[in-house]
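Peer 1: So TrEMBL lists the following for this protein:
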type	residues	note
DOMAIN	1-75	domain 'Cation-transporting P-type ATPase N-terminal'
TRANSMEM	50-73	transmembrane segment
TRANSMEM	79-95	transmembrane segment
TRANSMEM	244-262	transmembrane segment
TRANSMEM	274-298	transmembrane segment
TRANSMEM	670-692	transmembrane segment
TRANSMEM	744-765	transmembrane segment
TRANSMEM	811-834	transmembrane segment
TRANSMEM	846-867	transmembrane segment
Amino acid sequence: MWFEKSLDEIIKEFNTDIVNGLSSEEALARKNKYGPNKLAEKKKKSILKLLFEQINDVLIYILLAAAVISALLGEVSDAVIIMVVIVLNAIIGLVQESKAEKALESLKKLSFPKALVKRDGRIVEISSEDVVIGDIVVLEAGKYVPCDLRLIETANLKIEESALTGESVPSEKYAENVLKGEDIALGDQQNMAFMSTMVTYGRGTGVAVAASMDTEIGKIAKMLDNDEKNLTPLQVKLAQLGKILGFGVLVICVLMFIVAVIQKRDLFEMFLTAISLAVAAVPEGLPAMVTIVLAVGVQRMIKKNAIIRKLPAIETLGSVNIICSDKTGTLTQNKMTVTKFYADGTLDNISGLNMKNKVHFALVEYMILCSDATYSADSKTGDPTEIALLELGAKFDLYKKDEDRLHVRVNEIPFDSDRKLMTTLNRFDNKYNVITKGAVDNLIEICSSIYLNGGIVPFSEELKLKVMNASDSMSKDALRVLAAAFKKVDSIEIEIDSMEKNLTFVGLVGMIDPPRENVRDSIEECKKSGIRTVMITGDHKNTAFAIAKELGIAKDFSQVMLGYEFDKLPEKEAGNRIDNLRVFARVSPEHKVKIVKTLKKKGNIVSMTGDGVNDAPSLKTADIGVAMGITGTDVAKDASDMILTDDNFSTIVEAVKEGRNIYNNIRKSITFLLSCNIGEIIALFIGIVLGWPSVLRPIHLLWVNLITDSLPALALGVDPDDPDIMKEKPRDAREGLFSGKNGVFLIGNGILIGVLTLSAFYVGTRIYPNSVMHAQTMSFVVLSVSQLFYTLSMRHSEKSIFQIGIFTNRYLIGAIILGIVLQNVVITVPFLASVFKVFRLTLNDWMFVILLSIVPLVVNEIVKMLWKQNT
Ligand code: ATP
């Protein structure tokens, strides 16, 4: 049992080095020997099984039966065609599904957690998969434990182990507690950390003692069930719609069959027609089509630095009307540089710092000692705020490494965004200094004296006012202000609770953090498209407002409110005031939840950013929780719907754009498919009711279904982005798929296509009274070609085909050309023509059917024009 062994035994057993970690070569050798550190996944389904799933549908079974019956009755060509259609349909479905699956798979890889390990004497970040036994792993708040660890060092480390033990209250960990006894429960093994549990507080280091399936979680979860399907609301709605439509189509088919019986038609022919119509008109492929469009969209988003973790997020993104964003790092560059300071009664630029002045020296030294970042000429790691402090020290030849050696850290209370403070206990000769740094307003509360002229004097109200004035002056210049304080104590045994009390104030530093490029433009773009940007920051009110003003988020100071002030407001008043607020300052993570809830209650669709452990609740509450990819913790990422790989605000706006485009594309595709189906039903049903011979043969229907439902529908689904999408207002999330104009398009075009097909047939019977086959060929061509042309007009509900550019969707043009060529091949190649029972059309016939086929395109373009003129 690892927890029973002493550290020396562990180190010997794993042949590792606490100070330098493993060498890269050794780590690689161990990885090659033991394999990657991940839990086994469920076996993938075989191709045969996937293929079977495609065919496993009642309608397909009936169609199969129909093929067998056709063959028995000697209609071999019909049987063959039906079989070909079934196989092609299954292959298309299979390809679509496996493509979607692959895209989702690669997504999973992207969000695979990272781990911090010591390798070759340096701390490096690697994928958790690459951790090997013997690695020295560094843990910090917000990180997942990458494998089972025997802890070597802990500083207030707390780990939430519910994944393993079910216990959601975090357990405290102590490296030095060596336990004895066989049957100590996992939850009580305080010197161990286990894979898949989560660090909620503090820091620690440990030796990797078990990886992958040898870990405790690996022993329990022999197999990870990754089978959970995450259907988007749209997909769920579509699946329901599909069922309703399917039922409707079946009713029509039965009706058609009854009418045929009454009219004493050839019953077998009618049975085949009814089944083919059902197969053609039931949009069984819709959910798969939607998945693939979403998956392609997800890939496009990755290129724009946004990782979508949950598919429904894409749809929701399209209707976001409020973006709540962090300031530091998202709106700003998170490249901090200290430019001003206040100490010993003076506010000045950094050049005014004098290391011979004891207070000045203490300010810089304490800021360095109370930081976790590392800094040297060629490498900087850690929080940019702290890197700026270390950089300041380096300017005066004060280096973290030297300082740490001189004044060893013996205890600490880590920074958290609720307290907005961080404290360390460092050895100074034979005594100790408590050093605290953090937000000035919080720090001033716990200071009772101030360091002035080399001596410690009481912190009078007047002196406090001077400090606050200096802080105000810096923050109004958009500087982030950090204060430092200290106190001397005799013993290392000081209680944690009494550390941050009765401190002596030392001074302030102010650092600039310039806004990111492009953010101003993105905010302007949001404004134009009806999206409100709200800044939510832990920083000071003045700093926040100064930057918000510069970026065009807020105009007036009345639009700024402190997090706790808002939190105190009664619900109703919060609701009344929130519409005017653009900046929330000094916000703690729990205030964020109230902000999101209040905004949501007013009917807004809210996106909220977050990075820390405590941000998880607000990320989950928001419609779109956005986690930072660079600075974000694993916990925040896990709670989010989307991760920004560049932490950039503009990426959120790009994602919203993409979300809008994807939704539009899906809607276009569905409207297209359904209006074509309506057209087919109308043509057949009306034809039969009118007592005409069959307008189309069953295999014609199956064929049309094959060439229109597949490629053209998909090509519409991946239509290039509309550059003007952000000129529109956000889509109302409650709006149905076919509300308003869309519904009119859907039904109108369905009727039009149906009537045109009937017209082609009618004219055909007039020109060739003795050949039903000829007329059928004409309606067959009109039905398929009109659908193909009509896709061009479907690309935009307002812009004409010339405005969007006829050739801008190459896939669609390819799909149309291929469709027409195949249609032509079927009619002109004698063997196929005999199989499809079609007639070789004359030049005049072709001209006539092409003329009819472009009617939907022309009519739609005219309607768009008229619509535009009237609005
Ligand atoms: P956001 O990213 O949400 O815009 P933020 O990053 O500015 O906000 P926090 O990181 O919570 O918010 O910081 C809030 C305040 O805490 C800062 O204004 C600063 O005074 C203080 N602070 C930030 N980082 C540290 C740190 N490492 N140690 C001590 N205090 C810090």
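Just so you know, glycine gets a Cβ as well, placed from its N, Cα and C.
What TrEMBL says about a protein is an automatic prediction, not a curated fact.
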Peer 1: Three or more CB pairs closer than 8 Å, sequence separation of 6 or more: does that hold for the transmembrane segment (744-765) against the transmembrane segment (670-692)?
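Peer 2: In this chain the transmembrane segment (744-765) contacts the transmembrane segment (670-692) - 3 or more Cβ pairs sit under 8 Å.
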Peer 1: So what's near the transmembrane segment (670-692) in sequence-distant terms, Cβ-Cβ under 8 Å and 6+ beyond its ends?
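Peer 2: Residues packing against the transmembrane segment (670-692) from afar: 238, 245, 249, 252, 255-256, 259-260, 263, 265, 273, 277, 280-281, 283, 286, 289-290, 701, 704-705, 708-709, 712-713, 716, 737-738, 742, 745-758, 761-762, 765, 779, 783, 786-787, 790-791, 794.
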Peer 1: Against which stretches of its own chain does the transmembrane segment (846-867) lie, if we need a Cβ under 8 Å and a gap of at least six residues from its ends?
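Peer 2: That would be 741, 745, 748-749, 752-753, 756, 759-760, 763, 778, 781-782, 785-786, 788-790, 792-794, 797-801.
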Peer 1: Along the domain 'Cation-transporting P-type ATPase N-terminal' (1-75), what average pLDDT does this model show?
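Peer 2: Here the mean pLDDT over the domain 'Cation-transporting P-type ATPase N-terminal' (1-75) amounts to 82.
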Peer 1: Are there residues at least six beyond either end of the transmembrane segment (244-262) with Cβ under 8 Å to its Cβ atoms? List them, or say none.
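Peer 2: Here the qualifying positions are 59, 270-271, 273-275, 277-278, 281-284, 674, 677, 681, 684-685, 688-689.
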Peer 1: Using DSSP, what's the helix, strand and coil tally for the domain 'Cation-transporting P-type ATPase N-terminal' (1-75)?
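Peer 2: So the domain 'Cation-transporting P-type ATPase N-terminal' (1-75) is made up of 46 helix, 2 strand, 27 coil.
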